[in-house]
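Visitor: According to TrEMBL, the transmembrane segment annotation covers A:34-51, A:63-86, A:98-117, A:145-162, A:190-212, A:256-279, A:312-333, A:340-361, A:381-406, A:413-434, A:458-485, A:581-603 (among others).
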Amino acid sequence: MAFYVVQFLTGLASAASLFLVASGLSIIFGVTRIVNFAHGAFYMIGAYIAFTLTERLSGAFGFWGSIVLAAIAVALIGVLVEMVLLRRIYHAPELFQLLATFGLTLMVEDLVVLIWGPDDLVGRRAPGFRGAIDFFGQNIPSYDLFLIVLSPVVLGILWLLFQRTRWGVLVRAATQDRDMVAALGVNQKWLFTSVFAVGVFLAALGGALQIPRDAVHHAMDLRIIVEVFVVVVIGGLGSIVGAFVAAVLVSELNAFGILIFPKISIILVFLVMAVVLIVRPWGLFGKPEAPARKTPGLTVNPWRPLTSNERLMALAALVVAATLPLFAGNYALTVGSEIAIFVIFAVSLHFLMSVGGLASFGHAAYFGLGAYGVAFLAKMAGLPMIVCLLLGPLLGCMGAAVFGFFAVQLSGVYFAMLTLAFAQIVWSIAFQWVSVTGGDNGILGVWPERWAASPSHFYWLALGVAALVTVALRAMVFSPFGYALRATRDSLLRTEAIGINAKRIQWTAFVIAGTTAGIGGALFAYLKGSVFPDNLGISLSVDALVMVLLGGVETVSGAVIGAIVYKALNIWLVSQTDLSKLVLGGFIVLIVVVFPKGIVGMLEMLAQRRRKASPPGSPLLAKPIESAE
Amino acid sequence: MSVAPPLLAVEGLTKSYGGIHAVRGVSFSLRAGEILALIGPNGAGKSTCFDMLNGQNKPDTGHVRLLDEEITGRKPREIWRLGGGRTFQITATFATMTVRENVQVALISHGKQLFNLFGSAPKFDRGEAGRLLELVGMGGYADRPCGELAYGDLKRLELAVALANQPKLLLMDEPTAGMAPRERVDLMRLTAQIAREKSIGVLFTEHDMDVVFEHADRIIVLNRGTLIAEGTPAEVRGNPQVQAVYLGEGLVYDARHREGASI
């Protein structure tokens with residue numbers, strides 16, 4: 001019995017940091033509508049700075065002063081980030097802010113290694129809380145008790161801040177309707193900056209308070225950000241009480257999950273999140289979001305199919321790409337194959353995200369399922385490669401059919417979170433079900449047959465499939481189904497009023513996108529000769545998002561360009577520098593700020609300007625209609 | 001009494017929220033080709049009533065029949081399939097698509113081609129889309145992005161979209177809200193003309209009494225959830241109960257008294 005009590009208390013202590021970080025994320029999202037991916041990075045910097053300060057400053061005051069000082073320092077960094085970066089992109093498409101903060105995260109990951117080195121750093125114990133307390137023969141670290149007391153205290157302070165101060169009232173008002181608050185004469189700029197500072201302060205404090213419990217290391221950002229996403233979604237975005245309850249819930253699930261279901265402990269949390277989202281899509285303490293005001297003067301260029309000239313150009317590009325084996329070496333061909341596979345992956349997400357307006361944060365799940373599908377068929381059933389390639393993606397298709405059915409019941413940020421949760425469930429299964437998937441060791445020896453084994457042959461195979469998939473999905477954009485899908489993205493109300501079952505359209509799109517991603521994954525398994533849980537991990541899902549956004553989410557062919565540029569740059573940077581994440585992150589941030597419409601979007605804009613600058617050639621075409629290529 | 005059933009028959013519609021009776025026992029009917037206005041002061045239950053007809057809201061009790069088919073509590077998309085088109089108070093269109101594409105989506109739905117993955121949508125029923133746009137006077141705007149349109153044009157586009165499945169019933173929620181006076185008259189004239197030509201029954205809610213009295217064949221008046229008057233514009237105008245609701249009792253403005261007094 002005592003053991004369970006101790007386990008429960010350990011869970012509560014873990015909840016403290018989680019709550020601090022999650023409440024910060026929640027407050028920032030509530031007001032600015034930015035899902036701050038960099039929140040985990042701020043948490044990590046908080047821990048690193050606190051580590052350095054506690055090493056330098058001695059005594060009890062030195063330790064506790066360092067913790068607070070570290071949080072304040074990071075909050076100032078946050079202010080700088082908000083003013084220099086985020087202010088420029090509040091009006092960009094909402095996912096761009098996510099992309100920018102993701103770029104920041106990448107940069108921070110390399111920066112901390114540069115400054116503090118790659119090794120784990122073990123910090124000092126907290127003065128006054130070094131020992132442990134005996135509880136019926138079980139030890140409880142006294143620092144854990146301190147954390148258990150701390151989180152309700154912070155909750156209370158935040159509650160007072162939001163209920164009793166003028167600033168708190170403004171923040172709550174802005175959470176409900178920020179346009180109205182701006183119309184009432186509140187300086188929105190400083191409100192946003194201050195909210196961001198408070199949110200970042202909480203994240204950094206959460207990180208700093210972790211040093212007596214855990215080693216500081218350079219991967220702690222991703223681990224916490226996923227858990228924090230889960231917490232805010234279960235608790236309800238924008239609700240601090242929700243963040244508190246959910247942080248406790250998630251921590252306890254982790255603490256007891258290990259005891260009760262050691263095999264599926266990781267899944268448990270995500271399963272609870274999925275159930276909450278399906279039953280109460282706006283979280284336990286959240287409120288259903290009022291329909292957002294449509295941005296006035298929406299300037300999306302209408303989409304049109306390629307003209308015959310453009311088709312010829314695309315074909316020419318494909319022919320040029322096909323000649324690569326004539327002059328390039330094996331390494332370049334392998335890189336080429338990988339890029340082709342990522343084109344497939346990117347266009348599949350583009351179909352769901354740009355055409356259907358459903359941004360999946362867990363698209364790698366279907367990519368990875370396709371890869372595992374191939375591995376199972378090839379290794380266990382021993383089927384020939386061509387059969388594996390055809391049937392493997394069906395696993396992605398089935399996964400998409402099951403998860404997609406639930407996911408399309410939601411939309412916007414919640415859709416993104418639920419897809420993330422599903423992807424994590426699939427990842428957990430791959431990771432923990434060792435007897436079938438090999439767990440962390442993956443499945444090795446998935447090599448292509450002789451006809452596709454040489455790098456040039458495999459390159460042609462990948463290129464050919466990528467071309468087919470791109471053409472097919474593009475055709476679907478301009479099919480009756482594609483029109484219906486775009487219609488559901490623009491106005492659910494109207495689609496229902498003209499007899500369209502929007503959910504079924506979206507579900508179909510989800511299955512198409514998942515199956516296509518599975519095709520990419522199937523090829524990827526053969527390219528690498530192996531399958532690992534990473535093939536359906538979060539970083540791969542984020543890669544897909546970055547590729548689509550980089551190319552231009554509002555364009556038809558952006559995904560192809562985005563995939564080529566991102567993947568090529570990524571592979572090249574990794575080969576050139578140890579600081580590839582820093583450069584890549586910086587590049588992403590730059591793209592977001594300078595070309596918020598993505599690469600293709602920017603090209604379209606330039607073409608448009610040129611057309612507008614030149615005098616109209618014929619009076620019949622006095623006002624040329626702009627379109628997206 | 002006509003033998004054929006009315007186009008739309010509403011019987012004993014009731015809806016409460018907690019202790020508030022938003023709509024109480026409302027019954028009325030609508031014939032093909034007839035233009036019926038649903039009016040009443042703010043909070044009278046117009047919107048609740050309207051939403052129960054188009055499937056957005058389910059009544060507690062009562063029935064709605066469209067051509068003798070029970071549509072009470074059916075989904076909006078099912079009602080559309082049975083011939084009930086609608087326009088919204090705040091226009092709902094596909095902002096990133098062109099004007100023609102907006103109409104084509106409705107035609108694709110009407111032609112049950114929604115799951116056609118490899119056909120060509122730009123060519124889909126292009127002629128019919130053009131005809132519908134001509135009908136509402138939007139022929140010249142076909143290739144314009146819908147997000148660029150002025151509000152009045154959006155309303156006309158909505159009308160074209162609503163007509164795509166050759167509806168028998170058209171439900172219009174405050175069709176002229178937010179429009180300039182000149183545009184209001186044009187839109188309602190157009191609606192009335194189309195309704196008569198195609199024998200479509202039109203039910204609309206409206207705050208602008210000029211629009212109501214000029215274009216409605218018949219008017220029903222709601223107050224505090226109950227139907228207090230029904231009749232031709234002239235009958236409703238002369239109804240003392242209606243006057244009381246709109247202007248308050250004892251303050252009825254009567255031009256003759258005023259003239260008499262001034263002599």
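Glycine residues also receive a Cβ, built from the backbone N, Cα and C atoms like all the rest.
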Visitor: Mind checking which residues of the chain, 6+ beyond the ends of the transmembrane segment (A:34-51), have their Cβ under 8 Å from one of its Cβ atoms?
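Guide: Distal contacts: 17, 21, 24-25, 28, 66-67, 70-71, 73-74, 77-78, 81, 86, 90, 97-98, 101-102, 104-105, 108-109, 112, 115-116, 121, 123, 199-200, 203-208, 210-211, 216, 218, 220-225, 228, 413, 416.
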Visitor: Looking only at residues six or more beyond either end of the transmembrane segment (A:581-603), which have a C-beta under 8 A from one in the stretch?
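Guide: Residues packing against the transmembrane segment (A:581-603) from afar: 85, 88-89, 92-93, 96, 99-100, 102-111, 114, 546, 549-555, 557-558, 561-562, 565, 569-570, 573, 629.
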Visitor: Three or more CB pairs closer than 8 Å, sequence separation of 6 or more: does that hold for the transmembrane segment (A:190-212) against the transmembrane segment (A:340-361)?
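Guide: They are not in contact.
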Visitor: For the transmembrane segment (A:256-279), which recorded stretch in the set A:98-117, A:312-333, A:340-361, A:381-406, A:413-434 gives the largest number of Cβ pairs separated by under 8 Å?
Guide: A:413-434
Visitor: So which of A:63-86, A:145-162, A:340-361, A:381-406 is most in touch with the transmembrane segment (A:413-434), counting Cβ pairs under 8 Å?
Guide: A:340-361
Visitor: Other than its close neighbours in sequence, what residues sit by the transmembrane segment (A:63-86), given a CB gap under 8 Å and a spacing of at least six beyond its ends?
Guide: 32, 34, 38, 42, 45-46, 49-50, 53-54, 56-57, 97, 100, 104, 124, 126-127, 192-193, 196-205, 207-209, 589, 593
